[in-house]
Amino acid sequence: MKDEIFKKPLEKQFEFDANVASVFDDMVARSVPFYAQNLKLITQLITHFAPQNAKICDLGCSTASLLLALFEKRKDLQLSGVDNAKAMLDIARNKTSAFGARVDFYEQNLDEFSFFKNDVFVATYTMQFIRPPKRQEIIDKIYQNLNDGGIFIMSEKILYEDVKISKKMIEIYENYKQDQGYSKLEIATKREALENILIPYTQNENINMLKNSGFKIIESVFKWVNFETFVAFK
């Protein structure tokens, strides 16, 4: 289904409910630049770095697009996904079932989730929705529950240190969304709806958060204007 949620003002606070879940795949494909390519890159990273029978946990798995891509590439991987939106997980379960993929799903908030050992944790545009006071604590749990040699892949919308540069980058991004078919009204409505819900960090803030958890090697492997993907190695 096509994302037309923001054609009119929202009557309630934005949340990943059934309405959003039903159009999420279209929404994210049109709202996040190079989303499909970034997902493919993450799949390749995991395929190359994860050991045989590795345990992979997708934090904020939404409709399980990444988990399905991993299943198609490597049948040996033990896959799990966490999301706090029931509507998202309903679609995720239907999609994985249709392809015969065995995935363990958990319906929980990350700050309440009982983390368990994995070889890879992934959070694609997830941490930006976690309240800042809780964010470091969750990254700490990710590090503590990574097996030695494990990796954490994190994609985030980012801010720039310089306010003027940041403003220009946002303008470039909003032009991108117009090119994807969103009207200026839809863009403005969504921006207002996500204010104080999606809270991005700067590149340095994200890197420092990873370092504070114990990660020693942190690399940026993808960046487009105000979107970036980091890989942290334990």
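Residue 1 is the first one shown; counting continues down the chain.
For all residues, glycine too, the Cβ spot is worked out from N, Cα and C.
Note that the coordinates shown come from a computational prediction; the quantities given were computed from them, not determined experimentally.
Annotation source Swiss-Prot lists S-adenosyl-L-methionine binding site at TYR35, GLY60, CYS61, SER62, ASP83, ASN84, ARG191, citing sequence analysis. Spatially close to ASN84 (S-adenosyl-L-methionine binding site) yet at least six residues away along the chain are PHE16, GLU107, GLN108, ASN109, LEU110, judged by Cβ distances under 8 angstroms.
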_Comparing the binding-site residues TYR35, GLY60, CYS61, SER62, which residue's C-beta has the most other C-beta atoms within 10 angstroms in this structure?_
CYS61
*If H, G and I count as helix, E and B as strand, and all else as coil, what does DSSP give for TYR35 (S-adenosyl-L-methionine binding site)?*
helix
